[in-house]
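**Student:** What follows is a single structure, and I will ask about it in a moment.
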């Protein structure tokens, strides 16, 4: 069920999806951590991976999707050697991927970064077939599963690919995307790993460049420090306007399906936070 709780003022931030107050994490400390990270040269920051690839078991369905040529319409870089990070160096336009579909190349375009096992991405593509969706992921079980589900549902408005999202964004033209989604990214909990968090000023500047004016960046996390971190980063970027008001989180919108992990966490009292920003 969609939470209708209104965003909480900056002075008493609380997670959307629960009545608990956010633990007392110093906003000043988070701000200082971000400022320190912002001193990292942009070129160096872009070279730091925001993900870690892990060896995981492939289900028979994922294996089929990754190896059967009939799934090539769903996996952009299909047929490459299994177990390796996909090459996105030759992808410079995502809309052109839909030129032979009913939507053609002019439909609104959503890019989801790190779609996990693909449940939410597939549900969103199924719910809004007038919009084109592209998902990028590095873990093959999720890539295969998302492609398999899309094939089973007969979706023509969804493409997935294996690869580094930063490398892909660097290849795309500016003002190319209508929406960028980042749901439950790796929070990189240790301080020495904060530089790997996807939401940093440097990386979000790149995202802003690729969004159209009026485009949306939507993120969600269940890690409180990362939620406050994202709020601090994005609220201090001139390119973005917080749709809930500066210092506030947004209620989970109806169009974002709650994940199985999110629902299970809610059963144990773990909240999640949504952040919605518009490029100005």
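From the backbone N, Cα and C atoms, a Cβ is placed for every residue, glycine too.
Unlike curated records, TrEMBL annotations are generated automatically.
Residues annotated as S-adenosyl-L-methionine binding site in TrEMBL: 112, 137, 164, 186. As annotated by TrEMBL, substrate binding site applies to 190, 222, 259, 260, 261, 262. Under the heading compositional bias 'Polar residues', TrEMBL lists 1-11. The annotation region 'Disordered' is assigned in TrEMBL to 1-24.
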**Student:** Using a 10 Å cut-off, grab the number of neighbouring Cβ atoms around the Cβ of residue 261 (substrate binding site), all chains included.
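**Tutor:** Summing over all protein chains shown, residue 261 (substrate binding site) has 15 other Cβ atoms within 10 Å.
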**Student:** What span in Å does the S-adenosyl-L-methionine site cover, taken as the longest CA to CA distance among 112, 137, 164, 186?
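**Tutor:** It comes out at 14 Å between the most distant Cα atoms.
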**Student:** Around residue 259 (substrate binding site), which residues of its chain at least 6 apart sit with Cβ under 8 Å of its Cβ?
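**Tutor:** Residue 259 (substrate binding site) has long-range Cβ partners 116, 119, 120, 183, 184.
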**Student:** Would you mind reading off the Cα separation of residue 137 (S-adenosyl-L-methionine binding site) from residue 260 (substrate binding site), to the nearest angstrom?
**Tutor:** 18
**Student:** Same chain only, sequence gap of 6 or more: which residues have a CB within under 8 Å of the CB of residue 260 (substrate binding site)?
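**Tutor:** Set apart from residue 260 (substrate binding site) by at least 6 residues yet with Cβ under 8 Å, we have 119.
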**Student:** Going along the chain, which residues six or more apart from residue 112 (S-adenosyl-L-methionine binding site) have their CB under 8 A from its CB?
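**Tutor:** Residues satisfying the criterion: 120, 121, 133, 134, 135, 136, 180, 181, 182, 183.
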**Student:** Taking every protein chain shown into account, which of the binding-site residues 137, 164, 186, 262 has the largest tally of Cβ atoms within 10 Å of its Cβ?
**Tutor:** 137
**Student:** Should residue 137 (S-adenosyl-L-methionine binding site) be counted as helix, strand, or coil on the basis of DSSP?
**Tutor:** strand
